[in-house]
Amino acid sequence: MQFIDQAKIEVEAGKGGDGIVAFRREKYVPTGGPSGGNGGRGGSVFFVADENLQTLLDFRYNHRFQAEKGTRGGPNNCTGAGGKDLIIEVPCGTTIYDAETGELLGDLTEPQQTLLIAQGGKGGLGNQHFLSNRNRAPEYALPGLPGEIKQLRLELKLLAEVGIIGLPNAGKSTLISSLSAARPKIADYPFTTLIPNLGVVRKPTGDGTVFADIPGLIAGASHGAGLGHDFLRHIERTRVLLHLIDATSDDVIRDYNTIKEELQAYGQGLAERPQILALNKIDAVDRETVDLEALATQLNHLSYAPVFIISAVTRTGLEPMLQEIWGILDQMKVPEEVEALR
């Protein structure tokens with residue numbers, strides 16, 4: 001499954017500080033020469049890849065970024081302070097284009113990979129630089145140069161091998177948070193997740209598996225209800241589906257069938273995709289009144305899929321479930337685009 005997130009922003013490097021006109025005025029140097037210092041260089045703008053970021057969502061609310069200006073020069077040949085560079089963090093996998101020309105400026109694929117995107121302006125020259133035999137007391141200096149301004153288009157492409165599906169509040173965001181370093185928004189109301197959350201889960205071998213928490217589906221999603229087609233499309237290219245079911249529900253079988261019917265109605269082979277079921281939230285279940293093992297057996301008979309009894313909160317049962325997922329993935333051919341992201 002490939003996610004393409006886009007954002008358009010403007011970045012501006014800092015203007016260089018102005019050079020100044022100044023002359024030496026020491027007590028015993030009555031005819032002191034020029035001593036105006038140069039302006040400081042403006043700050044530059046850099047992009048840095050951060051493995052803890054998952055989307056370009058922040059750029060939808062903040063479209064303009066500007067580095068600090070350099071300060072003006074000082075007397076006694078003092079150069080002004082340089083402007084602070086601006087570091088903009090983006091997720092690994094972000095591609096940066098010039099929005100006006102379409103030129104590819106950079107592709108940040110590795111953690112901490114850095115790209116200079118806009119150069120700060122040079123500081124202006126102070127009048128000390130214009131001293132000559134003809135002009136012993138120059139009374140002019142140069143202003144600092146402007147920093148580069150660029151209109152940019154950012155694109156983020158990520159591929160997920162495992163799609164976590166289920167009704168709203170089944171615990172998908174909590175699970176992906178427990179399994180990986182992702183920290184999705186988590187709250188106890190439907191549709192908390194409005195965009196897919198991505199997390200990389202490491203195998204004991206060190207290889208990473210990309211999991212996607214697909215926003216909650218509801219009855220009628222295949223016809224556009226709720227968050228509808230947008231999120232069913234997100235799971236078309238997943239290789240394995242992890243179907244999370246709330247064990248505290250008053251009708252676990254109904255909940256399972258709701259998602260199953262939506263996958264079948266949508267088509268695209270989703271219902272035939274390799275699937276694992278997980279009864280979640282067992283930490284909140286009264287084991288004296290709810291027979292989890294019987295529910296798991298019933299779900300297994302309905303789905304012909306392995307069923308695990310887990311708690312995303314306490315991490316109970318997660319390891320056997322992961323081993324099953326990795327076993328299925330190991331038996332399948334790895335797409336080239338997924339391999340490239342490992």
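Cβ atoms here come from the backbone N, Cα and C positions, even for glycine.
Sequence annotations record features per position, and here Swiss-Prot assigns domain 'Obg' to 1-159.
Look at Swiss-Prot and you will find 160-330 tagged as domain 'OBG-type G', backed by sequence analysis.
Marked as GTP binding site by Swiss-Prot on the basis of sequence analysis: 166-173, 191-195, 213-216, 280-283, 311-313.
The DSSP secondary structure for Ser173 (Mg(2+) binding site) is helix. Summarising the annotation, Swiss-Prot assigns Mg(2+) binding site to Ser173, Thr193.
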- Message: Between Asn169, Ser173, Ser311, which of the binding-site residues has its C-beta surrounded by the fewest other C-beta atoms within 10 Å?
- Response: Asn169
- Query: Of these binding-site residues, Lys172, Lys281, which scores lowest on Cβ atoms within 10 Å?
  - Reply: Lys281
- Query: Any idea what the Cα distance is from Lys281 (GTP binding site) over to Ser173 (Mg(2+) binding site), rounded to a whole Å?
  - Reply: 13
- Query: Cα distance, Ser311 (GTP binding site) to Ser173 (Mg(2+) binding site), nearest Å?
  - Reply: 12
